[in-house]
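Per TrEMBL, the features are:
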type: DOMAIN; residues: 149-454; note: domain 'Na+/H+ antiporter NhaC-like C-terminal'
type: TRANSMEM; residues: 6-36; note: transmembrane segment
type: TRANSMEM; residues: 57-77; note: transmembrane segment
type: TRANSMEM; residues: 83-105; note: transmembrane segment
type: TRANSMEM; residues: 186-206; note: transmembrane segment
type: TRANSMEM; residues: 252-269; note: transmembrane segment
type: TRANSMEM; residues: 276-294; note: transmembrane segment
type: TRANSMEM; residues: 314-342; note: transmembrane segment
type: TRANSMEM; residues: 441-459; note: transmembrane segment
Amino acid sequence: MLEAGAMLLFCAVLFASVALGWSIIPALFVGVLLFMGYGLVRRCSLRAMASRAAGSVRSAGTVVVAFVLIGVLTSLWRASGTIAFIVAHSTAVIHAATVIPLSFLLCSAMSVLVGSSFASAATMGTICMSLGLSMQANPVMLGGAILAGVYVGDRCSPVSTSALLVKQLTHTNLFNTIARMLRTGAVPFVLSCVVYVAAAVVEWLCASGGSGFGAASAAATAGSAGSASAAVSTNASSITDIGGLFSSAFDLHWLTLVPALLVIVLALLHVDVRLLMLASIAASVAICVGVQHMEWAELLRLLIFGYHAQNPQVAALLDGGGILSMLTVMATVCISSAYAGIFAETRMLARLQQVIEMLGHRIGACGATMITATCAAALACNQTLTIMLTHQLCGGLYGDDESERSAQAIDLEDSAVVIAPLIPWSIAGAVPLATINAPTLSLAAATFLYLLPLSRMLASAVRRRHILTTNI
């Protein structure tokens, strides 16, 4: 009973922080005090709890270093013109009849390259939303396609913070896990493409039939969602000339594509992700100095504080990155790692873990992980804590050998990573939707995010039934 009280109080503090728009870091520190207080009531040594917590935080050091490199890399890709080059040339192929499926594909490609759903939504996602609304696309379907797309790469990019976190937690090989993610995600990805193509065809047929369905649907949905979507529609024409806008701020030479190509090539060669990022960083620095003619002082400043464009329109699309931009996720990982140590010392989650193990025996480890991830996402309100809670709660479902760790890694990637953004009050989905000014109802149209866990649960159920039938 005491465990439930401490956890409910922590969730209340976390919910309040999210609802009020505050940083979740103070709420996470409150959680440390609550869980240590629980341990003291249970007569656990404060020194032992602190030692366990510190040990867990130290074990997260590797992923924190990777997060620093990601912050540096994303700022340099902005400053070097790499993202501008990709966006300018990609959006040129968007047309009214194809805007919904192409938005999904372009946002997927961008997120695979940059590894961040937030960064992908702020760049490619914002532009696709604006162009789509100017073409009278349905904002719900368009927002859902963009949200699903930005999480394709957030899940399986070699420079994704969530993929690196899962790798660190499960002690698995990142590229082996990515290969498995590509296999498990193939069918949901194709089905999502089919859904978005079908939606585009329906809109095109209705519009060409003179019903004005596209415009009426867009206007009605935007009105029901509030002024946010209307604001994007109003401003859409101001950024439709993407090539001209970015050409005024960058030299869009083909060399600006080299940092992105390095990530792709080195990932295919299975080069260590930190070396991969360092190589791309070095290429980006060379392009910033040699092609964009940046001063060294300005370059050093953006590594810390991120890229800030002088043109307000460019700034709205590209500003961000830098080491400071990663502080929140790094702090979340470190504090959540401390939780793991405290929980291990106090055995606070022991009863809940037993319930999950019983559930796993009935429906399988994959199904139990999916259900646990859904509950964790609803309580944690963010992706990072969802991943770490699900990993700890479901640890008893998997063994310690390499195959079992790999199984847990892919189950985490196909559950916690993609379920977190489907929770309406979770910042994992709320922030990208707010960034592109899409209605909350777009969550229902983010087909890839729920087709993936559903397909995994279905495959797991079929496999278990086959095994049971074979054994009879």
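Cβ coordinates come from backbone N, Cα and C, glycine included.
With Cβ pairs under 8 Å as the measure, the transmembrane segment (57-77) is packed most heavily against 276-294, out of 6-36, 252-269, 276-294.
The highest tally of CB pairs under 8 A with the transmembrane segment (83-105), across 6-36, 186-206, 252-269, 314-342, 441-459, is held by 186-206.
Contact between the transmembrane segment (314-342) and the transmembrane segment (252-269) is not supported: fewer than 3 Cβ pairs lie under 8 Å, counting only residues 6 or more apart in sequence.
Scored on C-beta pairs under 8 angstroms, the neighbour of the transmembrane segment (441-459) with the top count among 6-36, 186-206, 252-269, 276-294 is 186-206. Highest Cβ contact count with the transmembrane segment (252-269) among the listed stretches 6-36, 186-206, 276-294 falls to 276-294 (criterion: pairs under 8 Å).
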